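Engineer: Before I ask anything, let me first share the structure, which is written out below as structure tokens.
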């Protein structure tokens, strides 16, 4: 296994700083039992009246569902550990746990659902909108592109292979539209949008600002629909997150250009602006840029951090559905932060060089990682080949910076 060999490499065993209580998102008493509240969100409450005597050999922690252990494990330095024993179980839960509730997620330009499981865990479901081999038309603007369920799955595995570990776990899943959405939804607006197509398939379209209409309906075969299931982060009432506008955000206008596209010295002013004027925030943003270039994702207008950790923490790489839309062309402008700032973390650069070598080739390790997903093959082969080509271009860009 190339993947196992990669994760055993010394570059993937650089220790994380010691995690103190102030570095943990949640501080829990391992002897305290927690009871789960069904309140429409994944809240849990300390149960002080719960019996303190637990079955022999079991701590309260052992009784927690996997999603709760995932939340408790989040710290200042990583969303989940490199060799996380919870990960296979969490991915399996996302793919197989019974769905007891499906409601539409508010906001956003395209349809997304929040699915709830019997243990109060929740996942964000993005349905399949196009086949694996369809490419984004060359005349499409990045902001009118479809969000792809398989891009969310592939992005999670790619982020892990790059050792960023900043995307919540995602699994593919085949959902029964009738039994797992229509029959159990309490969302009246969503319920009104179901219909049977002329071909006899069950369809729905929900409510959203772009692709929510009869012409853009999501249809099953006859009621089976592929989608991505992403583990939800802790409720914002429990762990506040801060949203940051990316300095290299695009204009989201058909004819206007953003300032960074016109000013080659743009990075100099970014370096003088908090929070990019100290710490590793700019380097973390360049990590995210590299991830986006490899996927071909032009839609990174914002990123988030956990408020508790202030400016000294990792960036969350959320919403990756507009990646992997094209394999036949690359978008060099995504690399602007790397090219303009000529900065990269040494550890990131060394891992990229490693992934360009035959024993650990990026396309091979991602192909192997994706083979375990229930919807495999997740990416069409040309997308995997494009990764190796794009990785070469990132290394060339760093080479130009080193030469300068």
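Yeah, the Cβs are placed from backbone N, Cα and C, and that goes for glycine too.
I grabbed these lines from TrEMBL:
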BINDING   110, 126, 147, 230, 231, 232, 233, 304, 319  ATP binding site
BINDING   147, 319  Mn(2+) binding site
DOMAIN    194-403  domain 'FAM20 C-terminal'
ACT_SITE  299  active site
Engineer: How big is the Cα-to-Cα gap, in Å, between residue 319 (ATP binding site) and residue 299 (active site)?
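Structural biologist: The separation of the Cα atoms works out to 9 Å.
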Engineer: Between residue 147 (ATP binding site) and residue 299 (active site), how far is it from one CA atom to the other, in Å?
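Structural biologist: Checking the Cα atoms of residue 147 (ATP binding site) and residue 299 (active site) gives a distance of 10 Å.
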Engineer: On a C-alpha basis, identify the one among 110, 231, 233 that is nearest to the residue listed as 'active site'; the candidates are the binding-site residues.
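Structural biologist: That would be 110, the closest of 110, 231, 233 to the residue listed as 'active site'.
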Engineer: Have a look around residue 233 (ATP binding site) and count the other CB atoms within 10 A of its CB, chains all included.
Structural biologist: 22
Engineer: Count the Cβ atoms, other than its own, that fall within 10 Å of the Cβ of residue 299 (active site), considering every protein chain shown.
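Structural biologist: So the number of other Cβ atoms within 10 Å of residue 299 (active site) is 18.
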Engineer: Counting only other Cβ atoms and using a 10 Å cut-off, which of the binding-site residues 110, 147, 231 scores lowest?
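Structural biologist: Per-residue Cβ counts within 10 Å for the binding-site residues 110, 147, 231 bottom out at 110.
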Engineer: List nothing but the largest Cα to Cα distance in Å, as a whole number, among the residues 110, 126, 147, 230, 231, 232, 233, 304, 319 that the record says bind ATP.
Structural biologist: 20
